[in-house]
């Protein structure tokens, strides 16, 4: 190697048996010598904090700006001078009895006569839909939201799940767009773009007036999720040694995303204004413009674009900050592999043309989708579990940190398959039990336990996904799996909304989905303790370790032996 701006490799150097032949392996060798979790990697780990928190804001803030005050009824202008309780009992069917009352209809009465007698109309009096809007009692949701301001209740109640579904639709579109742009222009510019889109859509939401402009803005916000965090997540993992990767991969989500989930409900309560909440959760995304000052570009991406000299400068920066030394031979090996490597990434369609790989991806997609829907559905039910919405959300979100911490301890010991299958099955059983438990403390307690186990499955399946795919198809395959997860989560708001048909229906659906996800994980091969497959031959060897395939191979071998005898 010559200088900083020009790279040369000894052309007579011969390749030894231990010389890496693939850029990932070559980079791993460099990381081993530069420090697997040195000062720079620790700085990168902490730099993920703002991105993890805004990711939780982007994902869940819409719940807090479209929360529906449970106490609402038809407004009757003629009764406005009366107290709240009297207005409601005189005008709304069922309210005078003190029980469940009609939220969407009012008596078609002579209000002058009602005011004279101060008695509610006869229960047999005809009712009509609300004629003059609604009144809202801000007890469970102690601030004004989009729902009460725009009266998205009764016949317009469906606007809430539809706007959330459109937000998730934006995530699918944004995932494809950001993935394509990241491959072409680099990871850092697209990280900045994703966070800018989230900020733009969030701030623009404040100025909307109806369902469609609100939904367009939420679609733009959705385009930033998950890319607002996932890009820096992948970048940091690239530079962390394998021994520390499980910790960084899982604890960054637990501490930063989980921390954001814990903060969000209390931020909403403190601000007590949905517009201020939008500003508070959107403007921090602009911190992304400072990212290039700390976070390096992907070395793999630089190599794939022929910018080997920039990749070497980047690794020298690690060497300098970590106060370590990369042996000349290790650096020369990296440069040689980088110069000779070819960009052989497969498209999604190439991935699906291989029958055996197609089956594996199909099972992985089903498992990922089921875990995602169970995770999202459980936390979106926080508003309807019988206790304070903000406290319920906080308590269920608090399960994130201990569950992921436990996962870090168990993942390499018991493997990915078991820690996807067992926790999600337990979550499904708990969700089914919750169907028959009265709403209140008991239901919320069970929801916390279910969320605890779902978090474990989610963390395990996220780490399992890239480990199951060969290098040439890893990017395309992982992208397909994550986008499929968002496609499934589009239905999550409607699962929660199905409570209007029967209170227990959302939990029954979640339980069934969890059961399907757990069963889908069983045929997949275990990857704990194995290197990620680099070639299709490596992948076939991994696929042969799958439980049912291994049994079939044993039976085939036994049959062949019997025939030979």
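Placement of Cβ uses the backbone N, Cα and C atoms for every residue, glycine included.
If you look up TrEMBL, you'll see 109-529 marked as domain 'Major facilitator superfamily (MFS) profile'. If you look up TrEMBL, you'll see 1-20 marked as region 'Disordered'. Positions annotated as transmembrane segment by TrEMBL: 43-65, 162-181, 188-207, 219-241, 253-271, 277-295, 360-379, 391-411, 418-437, 443-464, 476-498, 504-524.
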Between the transmembrane segment (443-464) and the transmembrane segment (476-498), are there three or more CB pairs that fall under 8 A, provided the residues in each pair are separated by 6 or more in sequence?
no
Leading contact stretch, 162-181, 253-271, 277-295, 443-464 vs the transmembrane segment (219-241) - CB distance under 8 Å:
162-181
Mean predicted confidence [pLDDT] for the domain 'Major facilitator superfamily (MFS) profile' (109-529):
89
Residues from the same chain, set at least six apart from the ends of the transmembrane segment (43-65), whose C-beta lies under 8 A from its own:
145-146, 163-164, 167, 191, 195, 198, 202, 205, 218, 221-222, 224-226, 228-229, 232-233, 235-236, 239-240, 248, 252-253, 255-261, 263-265, 268, 274, 277-278, 281-282, 284-285, 287-288, 291, 294-295, 321, 379-380, 382-383, 393
Distal contacts, the transmembrane segment (277-295) - CB-CB under 8 A, six or more residues away:
43-44, 47, 50-51, 53-54, 57-58, 61, 64-65, 188, 191-192, 194-196, 198-199, 201-203, 205-206, 224, 228, 232, 235-236, 264, 267-268, 271
Could you name the stretch, out of 162-181, 391-411, 418-437, 504-524, with the greatest number of CB pairs under 8 A to the transmembrane segment (360-379)?
504-524
Which sequence positions outside the transmembrane segment (504-524), separated from its termini by at least 6 residues, show Cβ-Cβ distances below 8 Å to it?
360, 363-364, 366-367, 369-371, 373-374, 377-378, 381, 417, 420-422, 424-425, 427-429, 431-432, 434-436, 454, 457, 461, 464, 468, 495-496, 498, 546-549
Which one, 162-181, 253-271, 418-437, has the most C-beta pairs under 8 Å toward the transmembrane segment (391-411)?
253-271
